[in-house]
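Below you'll find the structure, written out as structure tokens, and then a few comments.
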Amino acid sequence: MAAETFLFTSESVNEGHPDKLCDQVSDAVLDACLAQDADSKVACETCTKTNMVMVFGEITTKATVDYEKIVRDTCRNIGFISDDVGLDADRCKVLVNIEQQSPDIAQGVHGHFTKRPEDIGAGDQGIMFGYATDETPELMPLSHVLATKLGARLTEVRKNGTCAWLRPDGKTQVTVEYLNEGGAMVPVRVHTVLISTQHDETVTNDEIAADLKEHVIKPVIPEKYLDEKTIFHLNPSGRFVIGGPHGDAGLTGRKIIIDTYGGWGAHGGGAFSGKDPTKVDRSGAYIARQAAKSIIASGLARRCIVQISYAIGVPEPLSVFVDSYGTGKIPDKEILKIVKENFDFRPGMISINLDLKKGGNRFIKTAAYGHFGREDADFTWEVVKPLKFDKASA
């Protein structure tokens, strides 16, 4: 009898989706602040609807930042250059409502900049998760990797002119058939591929389907995962001309599963974009990913999740938890001990060890196509840390 398999699905949206537009604007503001002032305290939200983008939040920085220019440049770089495609970067309304960080939070977290890095408290309470699995070279879930890469490829063939009919907004979804091998996930095949992409008025549905198969799906999904039973839903609604902020309102922090593990593992609920590294929603999730990835890369387990939790103003995490889903070479309590001995979970030290105070175009890169499983020197949390432990006991 064949081993029992199951289906699991992950989705993604590309950079022209209104929620992702907002994530990118928020992280572009963060980048601009950190580039001039590494100690900037940033909590920047963005919302958008037809012909309007608003940035708002709390920012304390010595940087001189032209918020309107950042908004327009970000929208233009995505491809929002006319009302036809969903937004005109040069003509839309830009609203700005930025205040300083609350002094109550400032004194509790960093003592108005008087605390040493190791004494800096968490910027808020919260729970964060890191996840890793040996099913792909990225040590990420295959369903999430494929959905994300399809979205990135859609943008690539739009911007390089391969598919000139494409417009910025688009969504992807991939269903993978898996085998559970003692707690480890083994992908068997791709069951379903769904792509809904914004397009211009000139193209037919048949042309859309043919181009998506040839120029998007074929280069992204390895042939070994596709067979005659694989189902393709390519623009199943039949028409997607109106998109971007014209089609839907957008808001920072609305795509947190796409940003992380595509529904695998767990999520503490806190979004990443627009937050400086004292916000443990972001830095805590990054160090938890590095810990989980390092556990898998070191051979201690085939799949694992790490949870950490914080209290506002307190440097040390309240709890650290590890679960290897039964795939651990040693008991989970031993893996937990190794994690605690090898990783410093204090927010001020995470910032230093992962070099999270560097801006430029560092964080805007994270704001589309996932924060994890990416090969880029700026994604310092993706660097596997060699774990020091007694090899004999493992």
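Keep in mind that glycine also has a Cβ here, set from the backbone N, Cα and C atoms.
From a predicted model like this one, the values you see are computed outputs, not experimental measurements.
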Pick from His17, His371: which one does Swiss-Prot list with Asp169, Gly170, Lys171, Ser237, Gly238, Arg239, Phe240, Asp248, Arg254, Lys255, Ala271, Lys275, Lys279 for the same ATP site? His17
Among Glu58, Glu138, Glu207, Glu316, which residue shares the L-methionine site with Gln101, Asp248, Lys279 according to Swiss-Prot? Glu58
Using a 10 Å cut-off on Cβ-Cβ distances across all protein chains shown, tell me which of the binding-site residues (Gln101, Ser237) has the largest neighbour count. Gln101
Just to be sure I understand the packing, how many Cβ atoms besides its own are within 10 Å of the Cβ of Gly170 (ATP binding site)? 27
Same chain, 6+ residues apart, C-beta under 8 Å of the C-beta of Glu58 (L-methionine binding site), given in sequence order: Lys41, Ala43, Ile98, Glu99, Gln100, Gln101, Ser102
Which of His17, Arg239, the listed binding-site residues, has fewest other Cβ atoms within 10 Å: Arg239
